[in-house]
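The next block holds one structure in the form of structure tokens; read it before the comments.
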Amino acid sequence: KDRLTNMGDNHDVCTRTSRGEPRTTQNRVANHLRVSPARLAGDNALDVFQKHREKELKERRRLYCWATWKEGLPRTIAAERQDDLPPNSRFHEEKRLDFEWALKAGALETVLKRVYTLLSSWSRLEDFDQIFWGQKSDLAERVHRCWRDDELFGYQFLNGANPMVLRRSASLPSRLVLPSGTEALGAQLERELQVLLAVVSRCLLSFLQIQPPSPSCPPPPLFLPSDPPLAWLLAKIWVRNSDFQVHQLQYHLLSTHLVAEVIAVATMRCLPGLHPVFKLLIPHIRYTLEINTRARSQLISEGGIFDKAVSTGGGGHVHLLRRAMAQLTYRSLCPPDDLAARGLLGIPSALYAHDALRLWEIIARYVQGIVRLFYHRDDVVRGDPELQAWCREITEVGLCQAQDRGFPASFQSQSQLCHFLTMCVFTCTAQHGAINQGQLDWYAWVPNAPCTMRMPPPTTKEDVKMATVMGSLPDIRQACLQMTITWHLGRRQPDMVPLGHHKEKYFSSPKAKAVLRQFQTDLENLEREITARNAQVDLPYDYLRPSRIENSVTI
């Protein structure tokens with residue numbers, strides 16, 4: 001009785017409906033239980049706690065059901081549109097109003113740009129200046145000025161919007177077929193591969209082959225910096241367009257949004273509000289279900305933005321996602337493993353790699369601090385039925401039998417649990433920040449990373465004219481859509497909660513609060529380190545500065 005009375009005095013959390021009104025008193029008991037001290041299933045001294053856990057999970061499994069959006073892809077929440085979601089998963093009123101206002105503002109800006117260019121020519125690269133106004137960043141302005149430079153082209157694969165495809169190679173790619181007469185170049189590249197640390201970015205500037213070779217056709221051309229300027233420029237544009245598709249679908253949608261959704265649904269279905277892992281994760285799944293549901297109904301749906309403006313629209317995006325699913329391994333979501341596999345450890349100019357590793361270490365310390373308060377031995381981990389059910393739900397159900405890709409189907413030790421939870425928090429926060437924020441900077445100037453190409457890749461160099469380049473790039477309508485969507489998705493959210501600074505007090509014990517305070521201190525120290533580093537470099541890398549990382553996938 002005393003415990004229940006004390007719980008009633010805790011007013012740290014006030015739940016609200018999707019329209020912002022306080023919920024009815026029937027939810028107060030559940031709310032009080034949520035902010036009470038975290039407990040494992042076997043620690044319940046009072047029968048009321050165990051009964052509440054069972055009742056809560058039964059109701060949650062009714063509300064949070066799995067659905068299959070497309071076969072062969074991670075499973076999603078069963079909701080056709082945002083109104084179908086459980087009320088606790090909806091945007092709050094401020095978020096909803098801002099999101100819908102931004103869509104209307106973007107649509108209006110697109111119309112104004114279309115009207116402004118109605119009678120204008122569209123035959124030179126400079127004509128894109130006619131729509132390069134409105135909301136844009138200082139870095140976007142620099143990209144506008146310098147996007148043709150080979151150095152900036154290579155830099156983007158290291159620290160740009162998508163730093164996930166670059167890897168160091170010890171030999172020339174097996175798919176590369178050198179055209180006749182370029183044998184000397186091939187020998188030179190092989191020698192460079194043995195001695196250059198950052199050889200991949202050098203190779204990107206040395207030659208490009210933008211079509212895969214086919215046994216039934218002559219080798220596709222090798223594009224070189226010494227080629228006619230427009231031919232070399234068009235080859236780089238094709239590479240940037242391809243990276244746009246891989247970035248948005250494989251590394252943004254699949255590896256952050258859809259993985260975060262699996263974590264969110266499994267957490268709601270398997271972990272009661274009293275469970276310490278629920279309390280650890282709940283701040284990091286805020287708004288994720290609604291933003292993903294909106295994406296499926298507006299962005300990647302039939303007739304959505306992808307179909308209207310993006311190369312892979314009309315079904316190609318689903319095909320690419322299915323291929324990417326085979327590469328979605330557990331190790332690929334853990335920066336220490338992923339960066340080591342790509343050979344990017346210890347490269348001073350790899351700022352994403354450096355900051356990602358530092359954040360992984362800080363998040364890991366935070367997770368370990370919380371986990372050790374409740375799981376004192378490995379057998380406690382193995383003996384937690386709710387935790388083991390949550391693990392199976394993610395790997396076997398949400399990620400579609402992902403054991404063969406390294407995901408665990410059970411937790412056997414404290415360290416294994418900590419590693420998995422670190423991956424969950426990192427994916428929902430830092431990794432999404434690194435992948436999402438760069439869109440406004442690197443994609444606002446459309447020729448730098450076009451969403452679509454309207455002509456086939458060139459097969460000869462001499463025939464590439466300005467008409468070829470402009471005929472390949474997006475038309476005015478597509479370019480305006482790209483600018484609008486990248487602004488809408490890449491801008492800072494007005495109700496943004498920075499990593500580690502959630503307002504709700506899910507943990508009430510002094511020890512757990514001390515762990516959270518240390519986490520916040522570590523993040524503040526890293527903030528100062530990155531700020532000092534950025535003051536010394538030509539192109540600051542800000543996407544993993546803790547104050548810019550949102551606490552969950554909300555956009």
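Just so it is clear, glycine is given a Cβ too, placed from its N, Cα and C backbone atoms.
Remember, TrEMBL labels are computer predictions, not curated facts.
According to TrEMBL, the compositional bias 'Basic and acidic residues' annotation covers 1-22.
Residues annotated as region 'Disordered' in TrEMBL: 1-24.
The domain 'Lipoxygenase' feature in TrEMBL is assigned to 39-555.
Residues or ranges marked as Fe cation binding site by TrEMBL: HIS252, HIS257, HIS432, ILE555.
Residues 37-38, 351, 355, 358-359, 362-363, 365-366, 369-370, 373, 499-501, 542, 544-547 of the same chain sit 6 or more residues outside the coiled coil (509-536) yet have a Cβ under 8 Å from a Cβ within it. The annotation coiled coil is assigned in TrEMBL to 509-536.
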Only counting partners 6 or more residues apart, tell me which same-chain residues put their Cβ under 8 Å from the Cβ of HIS432 (Fe cation binding site).
THR256, HIS257, ALA260, GLU550, VAL553
Return the residues near HIS252 (Fe cation binding site), defined as same-chain residues 6+ apart in sequence whose C-beta is under 8 angstroms from its C-beta, sorted by sequence, else 'none'.
ILE435, ASN436
Residues lining the Fe cation site besides HIS252, HIS257, HIS432, ILE555 (CB within 8 A of their CB center) are LEU253, THR256, ALA260, ILE291, ILE435, ASN436, LEU489, VAL553
CB contacts for HIS257 (Fe cation binding site) [other CB atoms within 10 A, all chains]
24
Mind giving me a neighbour count for ILE555 (Fe cation binding site)? Other Cβ atoms within 10 Å of its Cβ, every protein chain shown.
22
